[in-house]
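Novice: Annotation comment: Swiss-Prot describes 1-25 as signal peptide, evidence class sequence analysis. What Swiss-Prot lists as disulfide bond is 34-229, 76-86, 91-97, 145-217, 150-200, 158-168, 172-181, 182-187.
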């Protein structure tokens, strides 16, 4: 009986530790430093949260999370049931997002515990730009594991064809076609993607902009911070 209880206790402890490891593979702190309210959004985990100036939202991302996005929504109005709309980044008219936001929106993207035990992460302007952003490991380890940012005045300098209320849209949404959307094989930069790249060289400016825009950190030992208006 004693042996069985010891086995069960050890099994429970192992299960508990495995569960904690799974649940807290990475902590992502989202902070709003903008002088206005930002309605932060996060998929596939997190949903959404109103962040007034100086407020922070902590997201616990499980191991293996991928195709994940964090972005900010602006000029939103929601009722008590969490339904409404946003000028930029709207995700189907709900506070707690389950799908991606409507462009333009500056994106922090990540995938945890992928190839070679690495986290992959980036800032993307493929969906356009609405809010300045930094995305950084809280414990950088050198190499490709360091802070990146996109803080240029893109909204103020946005080319006329891409200008929309509250942001600077992306050429795929604006014009469509393989040249801008890269949906049918290889593609290269355009004058519009170069506009974004010149101002935010660490960020994706078009879908195949991987060499200068994708960053990695060791899985399981790295936490992250996203800051709006750093």
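The backbone N, Cα and C atoms fix where each Cβ goes, glycine too.
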Novice: If you measure from the Cα of residue 229 (disulfide bond), which of the disulfide-bonded residues 76, 150, 158, 168, 200 is the nearest?
Specialist: 150
Novice: For residue 187 (disulfide bond), which of the listed disulfide-bonded residues (168, 181, 217) have their CA atom within 10 A of its CA?
Specialist: 181
Novice: Taking the Cβ of residue 181 (disulfide bond) as the centre, count every other Cβ atom within 10 Å, in any protein chain shown.
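Specialist: The answer is 17 other Cβ atoms.
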Novice: Only counting partners 6 or more residues apart, tell me which same-chain residues put their Cβ under 8 Å from the Cβ of residue 91 (disulfide bond).
Specialist: 41, 43, 48, 73, 97, 98, 99, 100, 101, 102
Novice: Looking at Cβ-Cβ distances, which residues of the chain lie under 8 angstroms from residue 34 (disulfide bond) while being 6 or more apart from it?
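Specialist: In sequence order, the residues whose Cβ lies under 8 Å from that of residue 34 (disulfide bond) (at least 6 apart) are 53, 72, 131, 228, 229.
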Novice: For the disulfide-bonded residues 76, 229, work out the Cβ neighbour count at 10 Å and name the residue with the minimum.
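Specialist: Output over disulfide-bonded residues 76, 229: least Cβ neighbours within 10 Å is 229.
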Novice: Where residue 145 (disulfide bond) and residue 76 (disulfide bond) are concerned, what is their Cα separation in Å, rounded?
Specialist: 34
Novice: Run through the Cβ atoms and count how many others sit within 10 Å of the one on residue 97 (disulfide bond).
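Specialist: Other Cβ atoms within 10 Å of residue 97 (disulfide bond): 23.
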Novice: Helix, strand or coil by DSSP: which one applies to residue 34 (disulfide bond)?
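Specialist: Residue 34 (disulfide bond) sits in coil per DSSP, no helix or strand.
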